[in-house]
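Here the structure is laid out as structure tokens; the discussion comes afterwards.
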Amino acid sequence: MASHATIRLITYTNELVNGETIYVSSNCLPIKASHFEPAGHSFHDVALKLRGYFEEENVADDDDNLPKDKENEYMQSSDSYSSKGKKKSGDKATQQDHYALLGLGHLRYLATEDQIRKSYRETALKHHPDKQAALLLAEETEDAKQAKKDEIENRFKAIQEAYEVLMDPTRRRIYDSTDEFDDEIPTDCSPQDFFKVFGPAFMRNGRWSVNQPIPSLGDDNTLLKEVDAFYDFWFSFKSWREFPHEDEYDLEQAESRDHKRWMERQNAKLSEKARKEEHARIRSLVDNAYKRDPRIIRRKETLKAEKQKKKEAKFMAKKQQEEEAARIAEENRLKKEEEDRQAAEAASNQKKIKEKEKKLLRKERTRLRTISTVVVSNKLFNISQDDVENICMSLDLLQLRNLCDNMEGKEGDNQSQAELLKEAISSGHVEKNHETENSQQNGSVKVNGSVSRSTFEKKEKPWGKEEIELLRKGIVKYPKGTSRRWEVISEYIGTGRSVEEILKATKTVLLQKPDSAKAFDSFLEKRKPSVNISSPLTTREEVVGASSTVSPTPTQPDVAPPKLSQDANKVELVGSSSDQDVWSAVQETALVQALKTFPKETNARWDRVAAAVPGKSVVQCKKQFALLKEKFRNKKK
């Protein structure tokens, strides 16, 4: 195609350099744009080609006319290409950007497998060494050509490695974990800027979440249910982020399975600390946001206000209840004080009345004694001072007053006064006998003109020892749950005790402790009576009693008494010298009573005891006391 020299290229002018606005237009035909629209020199080159104008100066390789859509990439040197070795290198400065090599720098970790695969095909086709062979011809020396060739091959190998890494899920996760990321956690902000500060932080860290999509922080009008769901998600946050260490072993370099497992264990130890730090960092972010979230703060304040309100209401209710209880207690106290005061007044009035009556009664009695002095001194109708006293004690105030008035009315007539006293004495005996009969019938006794309170109350019959023993056995024999238990026990005792008496006895009689002072007496009562053996050894009293009761018989006329006296003398001699003495029940009872009468502190105790026991000496009393004491102890065991 022939070129036209009249067409000039666009050059920079002073107006453009000075920054002034210049409007440029063209009348060229529409241009078919595949992906990008040409601009500047490219626009004019395309326009000249379409119009048929062409200059050799502007002819260049096809690659120069392509749009520079993926030229913003850095080249990795051939020395730093190989990353295979015993240990990985953690230097991010020498690590290549796989996303930038494939033209996915704007997507990065968000790029899908389809996008990675499509971009790799385009990039590999463009930078294939066969496509870049024309660049070697532009070099003049062999060394420059070899360097250019190595550069093209390293670039293509880097593209292949980037594709392999990004298509492998494990290696891509490790690479994404080491990608540039802002780990800063906001610590403080004003309530108005909370969503502006913490919203991007949560979105930024949400890329590490295993569960996608992540919930949004929302705004000030978000429902509390959604807010709770958001914080529940972040409190249980699960991260897929890996933490490769600069001293981490490369599993591809393992020589055997055991070697690989050993490498995995070593790598796990190195990354465990980083995992804990990452978890603490995320938890710190969530805690800071939860403390400063205005929605959570408002809810806490609302709950606190409600709790305080309930507390105050409970306190007021309790206070009202206490005040009501105090008021009722005060009313009861005042009422009781009033009742006590009235009762005290009534008792005081009653006491005054009684004192007044007693005073009047004493006055009338003195008056009667004074009036009856003449009658008693003259002994009319055999009336003595004791009869006058009986009249004074038997008659009440009104009767004494009438009697005194009648006697004063017949003053000077001693005979009439004596008759009045005689009548009073006779009427007093009749009333006394009548009252005695009533008291025997009703169970009451009249003393000084007053009837006791137990007049109409039935006197309880005391419980005997046999009844108490039967009651104990009956309670054991008929335990709780027995039908009509107390009626059955009453029939078992067989003494006509009522159910009320039995119930009362179970609470009083059965609970009483046995009297230790009467233990020895009960022992003697329970002891079996001794067998009377006919023996010539008898006591002096028994001999004397026997001699007094024995009557002469025809076979034994007057010889028996002197024989008995001789036998008694022999008994005295044998009893004083024999160790095995015989004690009768009368003597044992006398010994026990003497021991009770004369305690240990008594002077000459055993002499007095022996004197109280008929026919026994001090030594015999001591021996018998020792025997009785030993028997009592054995019985107690």
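The count begins at 1 with the first shown residue.
The backbone N, Cα and C atoms fix where each Cβ goes, glycine too.
Bear in mind that TrEMBL entries carry predicted annotations, made automatically and left uncurated.
Going by TrEMBL, these are the annotated features:
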- 135-162: coiled coil (COILED)
- 313-343: compositional bias 'Basic and acidic residues' (COMPBIAS)
- 438-454: compositional bias 'Polar residues' (COMPBIAS)
- 97-179: domain 'J' (DOMAIN)
- 575-625: domain 'Myb-like' (DOMAIN)
- 59-92: region 'Disordered' (REGION)
- 305-358: region 'Disordered' (REGION)
- 430-458: region 'Disordered' (REGION)
- 543-562: region 'Disordered' (REGION)
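In the domain 'J' (97-179), helix, strand and coil residues by DSSP number 60 helix, 0 strand, 23 coil. Confidence over the domain 'J' (97-179), given as mean pLDDT on the 0 to 100 scale, stands at 87. Residue counts for the domain 'Myb-like' (575-625) by DSSP state, with H, G and I taken as helix and E and B as strand, are 32 helix, 0 strand, 19 coil.
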